[in-house]
Amino acid sequence: MTAGRNATILQVAVPCPIPGTFDYRAPADFTGTVAPGQRVQVPFGRRQVVGVLVGCSDTSALPENKLRRATAILDESPLLSADVLELARWAADYYHHPIGEVFATLLPTALRQGKPARRRPPEAWRLTEAGRAISIASLGRRAPRQAALLEQAADAAAEGVTAETLRDTGGDWRTALNALVEKGLLEACPPPRTRPTPERPSLNEEQQAACDALMDMVESHGVALLDGVTGSGKTEVYLRVIADVLQRDRQVLVLVPEIGLTPQLVRRFRQRLPGRLVSLHSGLSDGERLDAWLAAATGEADVIVGTRSALFTPLARPGLLVIDEEHDLSFKQQDGFRYHARDLAVVRARRLGVPVVLGSATPAMESLHNAERGRYQHLRLTRRAGVAQPPTVHLLDLRGQRLTAGLSEPLIARMRKNLEEGGQSLLFLNRRGYAPVLLCHDCGWVAECPRCDARLTWHQAANRLRCHHCGHETMVHRQCGDCGSIDLRPIGQGTEQLEQTLESLFPDVPIARIDRDSTRRKGAMEHLLARARSGEARILLGTQMLAKGHHLPDVSLVGLLDCDQGLFGTDFHGSERMAQLITQVSGRAGRAQRPGEVLLQTHHPEHPLLQLLLRDGYPAFARACMEERAAALLPPFSHLALLRAEAVQPEAPRQFLQAARELAASVAAREVGIMGPVPAPMERRAGRYRAQLLLQCRTRKPLHITLSRLGEALQTLSAARRVRWSLDVDPQEMI
DNA sequence: AGCACGCCGACT
DNA sequence: GTCGGCGTGCTC
């Protein structure tokens, strides 16, 4: 697909929700070269937009007089590599999403806005003579940012601390840096080329075997599912293989879940890996993100660590893709272009001819299925690395138990004993705020969100009622909205209340609460985790946030306050999620010398899946789950697509989907099942009514064909104007 | 998605 | 008499 000498027609993907590309003539005075992957500024309707050139041609389906001239070619050479162009095209086709919007989501903001693709020169700073002499403590509390920066510079010593390292933490570090340079404590220095490889911990037999298998793959390609129990040392395996790839002068792209990308993780990677590492996290400014992206594209960066969207980063010399915690939901984009980064990583790696490693302690059913069918190489790590012992796990039957803010007596007793023994306790509660319901004791009225089918959560500290689904927020009513009674009572408990109760149950015991509210401030998460790791905090409590990958060596007791969510949900993914959560959470217990204990509070201790998970572990659960899925013809034994619709008018989504259903039925392949339309599990959200139509098929092909035809037909459906609709291929949640 | 055109209600 | 509501159409 290269530009021919006479190629005059530019095929441009334009950021708008119309499928297909748009043809343009080259700019009037244009003498340079054109090649797919360059950005083009084009007139589009009445405005100017930035599109991506995806091809050139001598001819157009449109008459000459309909074609307009491109305004400018924005890049001298292609910005996107051929493989990313191919991937975007493939993804647009697979997810039935307009190609222009696919490019709009994969380009960094600065490039989407037409800014020049110029990379800032790499920078680094080191301590001056005066800087080495100064006591960091003297900067003290007055300038914590400056103090932290000096400390980093001291750690980096003569090599200097790089801009890339400073960006890991996010936020404004420039101001502090400039101040320190001004004071003569720091000076610019040439950025270090490579870092010495530090010593490596030894591997156990399983880790070694996994490493060997992966290194064999590096020679060729393929997909490996690295299925390792928590604490089995998956990261060590990644590090070895990555180092091996780096040695071959190839780049490595590492994708991690959204909350998994912490400065702590990046620091560990930096310490262990030679070469240049850039991280692509949400705390970067547009300019910083562009810089990191270009470093990857030009090949200046050797390791790229990022979340979902980093998958589309061009790589000059690709060698390996790693998807850590591959089962994590955050790899699937939940709006707009609903791609799954893990699935696309497999596609991209195959096209690049490089291996891809999917790592998890609790693999997704899809991945296990692929491993079973021999599509993926299944590498297992069954033993905890080092001296770590597996924890003991018990169910606590909540039926008839007296509860204190959701804590059963046995759990409180175990926590007390654990604290006495000097252990650290970790409690999970998947509900933030003080109480999920505020009830009028006189008439039964409850505070509800005016825009959603949901209750408002009472946040005591802020004294606000908040909707966790749409962000709606109000002052706490002094009186009942219905009868005027002032007897309003919080029902149920969230992390805020749990923290308060724990403070009174265990006075003088330092507690750290980690949830979205307590970590909203920049660096708050790091600070709380540091308190947890240092052992200063004896009780840690939090939401799912706390379940992901943080290394907390002293935790010896883990309590899951409510593991019944997901057991009886509407979404068939529910039990898989529950098992993953329980397993991940349990893995937090007893990672070091201390054997851990896990207590699961439940009202359904007899639930077969729960029993199975406890008795025989995640693999056994997965087999049972798989059998259920096979019997019900659910994924991975069939393929799903969801047509979602929402509108302010209550009836519009259903009317649209009914019309869509008829359309689908008329174009559908024989094998495709159509179900619905049905209201979404939460029908009203953020003031919009939502409904969905489900399409299902044993094999991918007929479903895909049906979706293509349906997508096309929907473009011209008049009812489509009255709703916001989207197609979700391989939906991960039915919300 | 944006943006304009166009045709009906309550305001200066 | 106009300002502005959102239905409809179009973007190479």
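Any Cβ shown, glycine's included, is placed from N, Cα and C.
As the structure is a computational prediction, the values presented were derived from the model and not from experiment.
With a cut-off of 8 Å between CB atoms and residues at least 6 apart in sequence, the same chain places A:CYS480, A:ASP482, A:CYS483, A:SER485 near A:CYS443 (Zn(2+) 1 binding site), listed in sequence order. In the three-state DSSP scheme, A:CYS443 (Zn(2+) 1 binding site) falls into the coil class. Annotation source TrEMBL lists Zn(2+) 1 binding site at A:CYS440, A:CYS443, A:CYS480, A:CYS483.
A:CYS470 (Zn(2+) 2 binding site) is surrounded by 17 other CB atoms, counting those within 10 A of its CB over all protein chains shown. Among the features that TrEMBL reports, Zn(2+) 2 binding site is placed at A:CYS449, A:CYS452, A:CYS467, A:CYS470.
Look at TrEMBL and you will find A:215-381 tagged as domain 'Helicase ATP-binding'.
Residues or ranges marked as domain 'Helicase C-terminal' by TrEMBL: A:471-634.
When the binding-site residues A:CYS452, A:CYS467, A:CYS480, A:CYS483 are compared by the number of other CB atoms within 10 angstroms of each CB, A:CYS483 has the fewest. It is 20 Å from the Cα atom of A:CYS452 (Zn(2+) 2 binding site) to that of A:CYS440 (Zn(2+) 1 binding site). Same-chain neighbours of the Zn(2+) 2 site beyond A:CYS449, A:CYS452, A:CYS467, A:CYS470, judged by a C-beta within 8 angstroms of the site's C-beta center, are, in sequence order, A:PRO450, A:ARG451, A:ALA454, A:LEU456, A:HIS468, A:HIS469, A:GLY471, A:HIS472, A:ARG685, A:ALA686. For the binding-site residues A:CYS440, A:CYS449, the greatest number of Cβ atoms within 10 Å around a candidate Cβ is found at A:CYS449. Within 8 Å of the centroid defined by the CB atoms of A:CYS440, A:CYS443, A:CYS480, A:CYS483, the record's Zn(2+) 1 site, lie the Cβ atoms of A:HIS441, A:ASP442, A:GLY444, A:TRP445, A:GLN479, A:GLY481, A:ASP482, A:GLY484, A:SER485, A:ASP487, excluding the listed residues themselves.
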